[in-house]
Every structure is written in C-alpha cells, then in structure tokens.
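Engineer: Submitted below is the structure of interest, expressed as structure tokens.
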Amino acid sequence: MNDRQKELLHILLLDQNVALLVQDLSKRLHCSEKTVRNDLKHIEEFIKPYPSASLIRKPGLGVYLEIDSGERSQLFQLLFSKGSKSEEERIIEMTYQLLVSDKPISLQRFAEQYYIHKTAIKKDLEKVTKWLDRFDLMLVSKQRLGNTITGTELNKRSALAHLSQLVAPVPGNMNYVIDLFLPYEITTVKKALMDLQHNYSVAFTDGAMESLLVHALIMIKRTRQRSTVSIPDSKKESIYQTNEYQYTKDFLNQLEYAFRLSFPEEELIYFTWHLISCKKTDDQSNRFLGLNDNLARITTEITSKLKQLTMINFEEDSVLMDGLTVHMDTVINRLTYGFPITNPLLSDIKKMYPYMFSMVVLTLEDMNESYHLTIPEDEAAYLVLHFQASIERLQKKKDTNKSVLIVCHMGIGMSHLLRAKLEQNYKGITILDCIGKTEVSEFINHNSVDFIISTVPLKNVTVSHIVISPLLEAKDKNKLEQFFHQAENEATNYQGNSYLSKLINRDLIYLNVDSEHRFKVVEKLANALFQKGFVDKEFVHSTLFREKSSATSIGGAIAIPHGSPSLVKHSVVAVAVLAEPLEWGDEMVSIVFMLAVSNERDNPTKELIQQIASFSDQPMLVEAITAANDPSDILILLDK
C-alpha cells in the first residue's frame, strides 16, 4: 500500500464502527472522492487474510471497518512497524530462514514476525514450495512443529545463492540475498576478493564477482552453523592441481583470520569449483583454457553444425571462435560442478531471435548426446547472442552492394555520363557494365544481376528493371529511390510468403484443438505428420525432446515446435488452433505451427520462422486465425 492508503486504513482503524462519509475522507486525505473509493477497494483486498475484517458500506451514512480487537491490533502493528517489509522481502527472508534453520518454523512464528495473518503466510509458502522444486528441495510441514526444508547441503546452497529469483525482477537488479548479511561481512569478503584479483592478476566480470560474494557469504554462514558440504574423494584429486585451488587457499586464509573461524577441506574444494566456473573478462580468460580436452572439439563442432543448418560460414569469424571458446569453457565448468545459471534475457532472446535460438537448441541436442552434457536453455540463449553478433559482423564484411546493369541506347559517351551520375548519387550499387539493348539476354545468362537501369523499354526480361532518362533528372532520381526500395521489399515478402503458403497442407490444419498440456499438442501434430508420410517415426520423439528442453513459444500467442531436419522426408507445416489458450513455458499460446523442414540445400527454415515471428506483432491477424471456422479461411489469412 502507498502512504495515502496506509493513512486511510489508519483512520478506519481509529474510528471503530463509526461510518465515515467519502466526502469527509477525501478532505482529510487531500484527494478526490474517486481516489478514496479506489483506495477503499485496495484496502478491501489487503484485509482479506483477516477473517474478522470487513469493510461495511452504508448508503447515506458512509463506510467503516468491522474487525475484532486481536486482528485490529495486528493491523496497527503492521502499519507502524519500523521499515515494514514488502511482500518480496518477506518471502525472501522466510525462505532464507527455512533454508538455514536446523529446526522447523511454525506459521504462527512467521505471522508474529511480519504482522500478517497465517493465511497470507500459507499463500507465500505455496510459492516457495514450487520454487524449491527446481533445486530438488522439499518444504515439509510437520504437525505441531512447523515447516522445514529437506535436501542436500549443496542444493540448499544453490537455492540460497538464487534467492533473488524467487520474486519478480526489480529495477536496478537488486540482489536481496546480499542484504541478508551484515555490512561488515559484505565489506570484508569484497576486500578479500579484490585482493585475490590483484595478487593473481585475474579479472572477473561484474556478474561473477557478485556470484562469488554471495557464495562466500553463504559459505561463512553455513560453516558457522557447522552445515558444511559433502564432497566425494573422487572429485577432489583433479582440483588439487589447479591454479584456482591455490587462489582459494589464500582467499579462505584471509577470511579465517577476519572472521575467527576454520573452513573444512570440503569448503575449500567447493569454493575452488566456483572460481573455476566463474567468467573472467575476455582478455584474462585465455590463460585458463586448455584444462578441458573436449573444449576445442565442442566449440568446433557447434560452429560446424550451425554452419550446416544455417548455411552461414561462422568459421570465418575469428572473434566468434575466440569468444565461443572462452564462453564454452565457463559453461562446461558450470555444468561439471553443478552451478546452473538463470538467464534474465531468455524470454526476450527467444522472441527477438527465434530462428537462431531454434538452430542453437537443435545443435546442442546432438552435442549433449555426443559429450554427455545437458546444456539448458538459459545457457543456449547466451550462445544465441554470440552467433547473432557473428552474423552481424559477417554481414558487415560482405559486399552488400546491389549488382546493376545499365542499358543505354545513346552511345558510349552518354552511357559513361549516366554511369558516373549513378555512381555519384547511389553508393549502394555496383555497376557491372553499360551495354546495348541487344546484348541484355546473353549478359544476364552469364552474370548475376539484381537490377537493370535502362534508357529504353525492355521486353521478356526476368530481372527487375526501370526506364529512366539518360540525363538522370530529378524525377528519375525519385523513381529510382522508390524502385530500389520496392524491389527489395517485394523480394523479401514474396520469398517468405511463398514458402509458408507452399508448405502449409490444408489437411494438416486442426481447429479447436482441446488439450491440457503443450506436449499433447506437439505429439498430436507430429503423429499426424508421420501418419501422412511426411516424417520418420523418430520425428515424434525428436519434437517432444526439443519441446521438453525448451518451450518453443515466441510471443504473440504463437509457438513453433519442430524436430530434427534429418528425420523429415518432405518439408511441410502443420497448424493447430487451440480451443483455449494453453500454458507454453512462460507464455500462453493459441496458435501452433509445427515445422518439419528437411535438410535440403535451399532450406527455408529461416524465412519460415521469420515470417511466423512477424505474426506475433500482428494481434489482429492472430485474432482472425483463432476465430476462423474453416482451414481454407486460415490459408487465405496467411497468404495475404
């Protein structure tokens, strides 16, 4: 609640069972009557967890709060408690207490601590229970004792480090976890980390430094509580030989002296894992590579596979190869030592780069099988950024000028003048030659020509062309600008639309599909493709595996499930329009396009995904498709 709403609740609590006119309340609060009415609705929601509380409205008399003395006292304490906690802070603190406590904590204790009703605490703990699932932890309720979290110490540490992700992101990237520790603890650990970087000439990224700070603070807390991690001897030997092991020894020696405690050997190994897994700045990272024999092979295979899928020669980009090697070293270490990350940009990356995201996930499926890895979608999204940046670098290197042929009927002198004027006015073209009308057919048969600029009308020419005056007057310049722009747009739109229209099969458009889970929809479409002979039977498993590894929603109520191209016999697109929006990862989806595109040379996957992704910015089109009563109507809509 804001300050005005708190003041309004304060007035209602003080004037017990006394009806107050909205007009009088508006004067006391210095706001409009409409604002008071809206605030009363907010207060009505706020007091729901208090069973005896009820906002009573009496026409002509006013409004008052009916509540018993016990809950009235609780609300007074909540209003006037110094620095009362927000809902986010409360949930974080409760979860933290449950994770570090060796005894159950009752609902009553939390209710008294935060001055809210047990009903609200129960609701908070439901959210916590769901969140703990991802760390293989369980919230167990013990009758007459309270709630406790069960699971391994390593998993508890992981949950503690990721507590901020329990609530929605806040402005400024606030890390709630750090605020749970004392200022002098934070300052001391920060100094020790800075000393580590200085003494050993290593530089961690800002994100890595914050992660190391959080894990070190948690390690200190748990060591004091004698809740240390357990690490098998088989995992210790390989760590003793690393440089990071020595760095950790010196770092923990500094902390032991400052905090008057002693860290077990397991904690030394555990923090060494963190140092190895943390991302160094690019100019420092190369010094630490080579520890994983598979690293160069994995990087090369990822790049090679993506080259095959996208027909883009990523191997030409040395910046990508260097950056990818550094990044994959960090990824492999994080996976090896069990330190998963959450990518805050995941949803945005899937929407902005759906094609590249799909290609990266397909590539990683093969890599995961070959190297016994499980690279999650959060990591895949970071890889997408590497390859997307590479595409932009490679495009800059390429000669993007359009190849233009000049056809002039007025001799060499006028042809050269026209050529000079065009080159002076249009920097984005490469003029191949100036020829006569009779030479056109032979020239375009032996050369790649994007456009023809002619001084005479041309017949039976397949290349886009325009007729202008040999003097290139002002009106001709305007015509040329429009011509270049229109020709490019038509080429792009025609290609995309023709692919989608050509590949959608009317018999594979399903309306009013009713399903309780996205996997059922994917299975239904994939089985339909198999039964009609478009794909191998394994394609069904491939699409489900792909969907389970990462939801294929791309925003705008659209999803694009797909399987391995090698399992496709004939390229086709199937469509399912859902009877009701269905949860699809973090989004709700109404239209599903299943892409089955074979590994042919002119693979249209990129154009297909780009066109379908463009639908997400056309809510009227999406609404029209979901309202369609016949497959033919959908074909017409998509062909427009």
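Cβ coordinates come from backbone N, Cα and C, glycine included.
What TrEMBL says about a protein is an automatic prediction, not a curated fact.
Grabbed the feature section from TrEMBL, which reads as follows:
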DOMAIN    180-285  domain 'PRD'
DOMAIN    290-397  domain 'PRD'
DOMAIN    402-492  domain 'PTS EIIB type-2'
DOMAIN    502-640  domain 'PTS EIIA type-2'
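What does the local environment look like for each feature on the list?
Structural biologist: DSSP labels the residues of the domain 'PRD' (180-285) in these numbers: 79 helix, 2 strand, 25 coil.
Averaged across the domain 'PTS EIIB type-2' (402-492), the predicted model reaches a pLDDT of 81.
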Engineer: Under the DSSP assignment, what numbers of helix, strand and coil residues are found in the domain 'PRD' (290-397)?
Structural biologist: 85 helix, 0 strand, 23 coil
Engineer: In the domain 'PTS EIIA type-2' (502-640), how many residues does DSSP assign to helix, to strand and to coil?
Structural biologist: 60 helix, 41 strand, 38 coil
